[in-house]
Structure formats: structure tokens, C-alpha cells
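**Q** Submitted below is the structure of interest, expressed as C-alpha cells.
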């Protein structure tokens, strides 16, 4: 991966990431394609209509649904899904924990049963990379030990010790693969854990950065029960610990407000199910805030979802039509609503990037909140 810092405005950064399948411009939002597709959309929607640069795919689900050998035979996820741009694959560890009440975590990895058929499986740091090699994703995530919040200091200490150990094993394995001429196009990111505790975050970050050869670094373990202020404070003391010449990825976050604040604090990459999940549940994002499209007030509203939006849905359909489709449980609703919400998120990234390049990100941030009639958060964390 070739990383170029194209501009910086305060803490906000605009990078170019040259990956095997495509070049990615940051700040970037990655739509979540859990099982090889973004729900209700296909690869043409993603590339031609939304112009998405990179999609997140879930290692756990692809492993259980398809398996390593079939993924290899298909030539990886990009060929299988006919999306000729980049993919980031997560490690699948979170799903192994969260979807299996009896999952057992040891220093060697995670033992779990398939939520599909009850079959037994084991994820080691090395094996999750084997799955991601089969996916042939541009960016692979190491296996990490995520803790929910609040958690005891003892549990957080165990988490960062295990996370660092697994990261070291992953790095050694990845380097051995590259020495054999394998995995040369697959970049490996480490994940910084530590809850909202500055001491533990600093300790984990130092251990991972000192390993030296990761292609990027992620902040994990947020948006799991902490307040927004705790989230922003944690990001503010974590990003300075991350190398300036590597991309910074905030995992699983979040709301448009979360993303704008995190960009200001130096984060480059984001993913979240929120735009598509909210779309399926009648919540649509606009420049002026969220609307609940199933509400009766919209049943005769002939305006677009968002008058400032130029997405496919807003160009062709009205609020009244979307309200009708949702209330009628028409499947077309899910596509049109998902297209709108994802366009909103992706356009937010494009606007933020342009502001950074022009040196006007602070003014852009102010206008973002002014349209919503919201106070600008105090970012003196």
C-alpha cells in the first residue's frame, strides 16, 4: 500500500491509499457488505450509482457460508461479487464472540459453534488471516479481543495483552507468507484496544506500533456503551499515538456527528451498518437531521427526502412515495432508502475531503451543525 498525505487542516487529514484493486481517497466511509453484499444493493449500485471506493466484508460470515476453498476457487471476494474496487475484511472475532453465548476465548484464539448449524470451529490469529487471504481483501484486520463497556480494569488489561499477542502472531505469519511470495497485495492492520482508559490505550498502542510493520492501525472497542464525550476523548488521546504515515481506522462508528468529530481528531477511515440498517427501519439521513419516513406527515409530501441531496432516490422519487413503499412493505423501498442513506454518508466524506483540501474544514464543520440547528461540540478534550 502506498500512502500519500495530500492535505491536513488542523487534525483532519486527506490521504490517498494506493491499493491492489483501486486507489482510495480519505476520509472514506466503507459500506458494510456483511455476507458479500451490502443489503438490498448489488455491485452496480455500489460502483456506478454510489461510486463507493471500498466495501467491508465480514470474515466470520463468509467463512461459514462459503468456506476457504470455495473462496479461493472463486478468485476472492472482488471477483465473486463483481465489485472491481477494494475490500477491507474484518477478522470475524467480534461475531464469533457476540453470536455465540458459549464461545471460549483462550490465548490461542476463539472456539465457537456456528450460529447456522451448530458445527464447531476455532479461530486462531493465523487462521483468520488464511480466510482473509482466500477473500483476497486489500486490507485485512488482525484478530483482537474486544471488550464491552463498562468493563473492569482487570478485563481490559487481559484484552490488550491478548490483542497484542495475537497481533504479533498475525504479523509474524503475514511476514512468513510474504517471504514465500504470498499475500503481497494484502495489507495488515492492527487494532488498538483499551476501553476508554488512557493508560491502557497508550500501552496497547505502544506495543503495536513498536512491532513496526503493520500497514495501518485501527481504534477498536468504541461505540460499545460509552458516551459520545468518552468516545471523542478516547479518540483524541489515541490518534496521536498512531504513526502519521499510516491510515487510521475507527471501527464500527457511527453517526454523521461521530464521523465529523472523528475526522477533526485525525481519523481517516470509517465503517458502520447505521445507514443501511436505519434505512430498513424507516430512518433517513438529511443535511438537516434524521426523518422517520413512515410518519403520516410524509404521506402527501411531494418534496425529495433531502432538498440538498442529489442521490438517485432524491432525483426521482418523493417522500410520499417512499412513505407509501415502506407502509406497503414493498421491497423496492429498501433499495431506494439504502441508496439515499449511503449516498448521504459517502457524500459527507467527499464534502469533508474537499474542505480539508481547501483548508476550510473548521468552517465546514460549523456549517454541518448549523444546518441541523445543533451546537458544535467542544473538542477541547
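Placed from the backbone N, Cα and C atoms, the Cβ positions cover glycine too.
As listed in Swiss-Prot for this protein:
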| type | residues | note |
| --- | --- | --- |
| BINDING | 90, 91, 92, 93, 94, 144, 193, 221 | substrate binding site |
| ACT_SITE | 90 | active site, proton acceptor |
| REGION | 252-258 | region 'RNA binding' |
| ACT_SITE | 271 | active site, nucleophile |
| REGION | 276-280 | region 'RNA binding' |
| BINDING | 309, 311, 314, 340 | Zn(2+) binding site |
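Burial and contacts for the listed features, if you can.
**A** Other Cβ atoms within 10 Å of the Cβ of residue 94 (substrate binding site), summed over all protein chains shown, number 23. In the three-state DSSP classification, residue 94 (substrate binding site) falls within a helix.
Shown in sequence order, 56, 57, 58, 59, 141, 251 are the residues of the chain, 6+ apart in sequence, with a C-beta less than 8 angstroms from the C-beta of residue 90 (substrate binding site).
For the region 'RNA binding' (252-258), the DSSP-based tally of helix, strand and coil residues reads 3 helix, 0 strand, 4 coil.
Within 10 Å of the C-beta of residue 271 (active site, nucleophile) there are 23 other C-beta atoms, taking all protein chains into account.
Residues of the region 'RNA binding' (276-280) grouped by DSSP class, helix first, strand second and coil last, total 5 helix, 0 strand, 0 coil.
Under a cutoff of 8 A between CB atoms, and with a sequence separation of 6+ in the same chain, the neighbours of residue 309 (Zn(2+) binding site) are 286, 287, 340, 343, 344, 347.
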**Q** Determine the minimum-neighbour residue: among 93, 221, listed as binding-site residues, which Cβ has the fewest other Cβ atoms within 10 angstroms?
**A** 93
**Q** Which one, from the binding-site residues 144, 311, has the smallest tally of other C-beta atoms lying within 10 Å of its C-beta?
**A** 311
**Q** Non-local Cβ contacts of residue 91 (substrate binding site) (under 8 Å, 6 or more apart, same chain)?
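**A** In sequence order, the residues whose Cβ lies under 8 Å from that of residue 91 (substrate binding site) (at least 6 apart) are 59, 123, 128, 132, 140, 141, 142, 143, 144.
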**Q** Within the chain of residue 92 (substrate binding site), which residues six or more apart in sequence place their C-beta under 8 angstroms from its C-beta?
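**A** Long-range Cβ contacts: 58, 59, 60, 61, 63, 123, 128, 131, 143.
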